[in-house]
């Protein structure tokens with residue numbers, strides 16, 4: 001079969017004279033119509049520092065594709081900035097953007113009969129959005145991550161964007177003054193790149209590398225470093241070879257490779273959002289994978305990396321310490337990684353890792369030795385109980401108290417909760433409930449970084465629990481439980497919680513329980529009525545009608 005097996009439908013034969021005429025206008029010459037057409041899906045944007053360097057990478061890839069004998073076609077896809085929209089109505093569009101990104105890439109590639117795809121992304125939803133599209137399309141594809149931001153510095157300490165969120169709570173609690181708050185703001189984000197800790201963007205780029213859909217080491221490179229541009233060039237070269245060999249995404253995105261991705265997410269201390277996104281990617285690839293599979297993997301994989309938000313280091317430190325390949329090699333040696341999984345280069349995982357040392361270097365402490373991990377088991381626990389019969393996700397790293405039973409403080413939106421926190425109305429021992437923020441009810445399943453950061457800034461991070469049918473940022477830590485399913489809007493038990501009810505969060509027992517007699521719950525359930533939709537027109541209304549439960553990845557198809 002020719003390398004242009006898909007695009008020949010628009011480039012070959014007398015009937016396609018008009019098609020070729022238009023292609024000539026965008027740069028095709030007589031000798032180009034037999035070449036494979038490779039789409040470059042570019043998430044470039046000046047909306048966010050995460051994506052402002054992507055155009056440079058896209059141009060590098062474009063040039064490399066031409067040199068390798070392919071015809072690149074550049075097209076854009078959207079991004080939203082989770083960090084800038086955080087704590088506002090705009091955050092409702094964040095998870096929605098994952099679907100828009102996936103749909104736009106799928107639409108463009110299918111409409112133009114492209115033979116391959118390079119997807120370039122930076123901010124949180126770019127990665128899963130692209131991967132969902134590539135899994136649906138199943139044409140030769142590779143992902144290029146825009147790279148991580150370097151840490152900011154102030155008064156001898158490293159800063160990330162989460163430092164700024166936590167500074168708000170510190171300021172409210174009069175722990176810092178106006179001047180220091182402004183200085184944190186000025187220094188937290190020094191340039192281009194995705195948020196620097198093992199937050200959602202770096203978590204998902206690491207997961208994609210673990211699945212073999214991006215090049216080794218590419219997930220932890222700094223956005224502004226030359227090696228990131230070299231990686232984009234190399235990715236284009238590898239993709240052209242994959243087009244020739246017909247290495248397809250669904251040969252790479254398998255149950256085994258998703259298990260590898262989950263193992264790596266656990267080992268690096270990654271974001272709770274990985275649960276939602278990997279479920280959605282599995283769904284797009286038609287791979288059977290459930291929320292319970294995360295718990296099974298968590299129980300056997302240790303946390304090896306001491307990374308923010310609960311640890312000390314950022315992604316660039318992990319890169320210097322050996323990157324994701326070093327973490328993967330340690331997992332492989334201890335039979336916690338499937339070495340026979342294929343990668344986009346045509347090599348297996350075991351072949352890619354062949355020359356990586358079995359132990360991390362002794363001159364660094366970002367990656368801990370196997371016999372002295374940060375935590376002996378994974379940090380993303382699936383909690384069940386009468387509050388979450390379908391499951392909920394807790395990040396149990398960095399918490400001093402693995403269980404809490406306390407009175408419910410109930411809020412039907414993030415805004416009302418945030419106001420109560422800033423007015424110092426939340427007390428130690430409380431369990432905060434933020435509901436009607438789920439995929440359907442929000443709609444859009446907003447991230448609750450502002451409330452959790454404010455609690456931490458006020459010194460309540462270890463003494464207050466928080467549960468929500470919304471999500472958490474990758475920057476969140478503490479006694480927090482998200483993705484509670486069924487959600488309140490769908491009549492889940494979280495909708496029945498009343499102010500002052502006793503709630504138990506127990507990470508060790510993996511329990512999320514409303515301590516109210518079943519008869520009383522049934523009485524409340526009979527009296528409950530779903531609220532009217534918050535939106536009746538536009539993209540949020542469409543999304544609310546289509547989206548699934550969080551326990552299935554909040555998918556829309």
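The backbone N, Cα and C atoms fix where each Cβ goes, glycine too.
Annotated [2Fe-2S] cluster binding site per Swiss-Prot: 50, 123, 195, in sequence order, evidence recorded as sequence analysis. For 82, 124, 125, 447, the entry in Swiss-Prot reads Mg(2+) binding site, with the evidence type sequence analysis. According to Swiss-Prot, the N6-carboxylysine annotation covers 125, on the basis of sequence analysis. The annotation active site, proton acceptor is assigned in Swiss-Prot to 473 on the grounds of sequence analysis.
Annotated features, which come from Swiss-Prot, shown on the structure.
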residue: 50; record: [2Fe-2S] cluster binding site; Cβ within 10 Å: 29
residue: 82; record: Mg(2+) binding site; Cβ within 10 Å: 32
residue: 123; record: [2Fe-2S] cluster binding site; Cβ within 10 Å: 29
residue: 124; record: Mg(2+) binding site; Cβ within 10 Å: 33
residue: 125; record: Mg(2+) binding site; Cβ within 10 Å: 28
residue: 195; record: [2Fe-2S] cluster binding site; Cβ within 10 Å: 31
residue: 447; record: Mg(2+) binding site; Cβ within 10 Å: 32
residue: 473; record: active site, proton acceptor; Cβ within 10 Å: 30
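Neighbouring residues of the recorded [2Fe-2S] cluster site, listed in sequence order and excluding 50, 123, 195, comprise 48, 49, 51, 81, 82, 83, 122, 124, 149, 193, 194, 201 (Cβ within 8 Å of the Cβ centroid). Among the recorded positions listed (82, 447, 473), 82 has its Cα nearest to the Cα of residue 123 ([2Fe-2S] cluster binding site). Report note: the Mg(2+) site is defined by 82, 124, 125, 447, and the residues of the same chain whose CB lies within 8 Å of the CB centroid of those residues, excluding them, are 80, 94, 95, 123, 200, 201, 273, 473. Within 10 Å of the Cα of residue 447 (Mg(2+) binding site), the following recorded positions from the list 50, 195, 473 place their own Cα: 473.
If you check the recorded positions 124, 125, 473 against residue 195 ([2Fe-2S] cluster binding site), the ones with a Cα inside 10 Å of its Cα are 124. Note: the Cα of residue 50 ([2Fe-2S] cluster binding site) and the Cα of residue 125 (Mg(2+) binding site) are spaced 11 Å from each other. For the pair residue 82 (Mg(2+) binding site) and residue 473 (active site, proton acceptor), the Cα-Cα distance reads 9 Å. DSSP gives residue 124 (Mg(2+) binding site) a coil state; it is part of no helix or strand. Mapped onto three states, the DSSP output places the residue listed as 'active site, proton acceptor' in coil. Residue 124 (Mg(2+) binding site) and the residue listed as 'active site, proton acceptor' are 9 Å apart (CA-CA, integer value).
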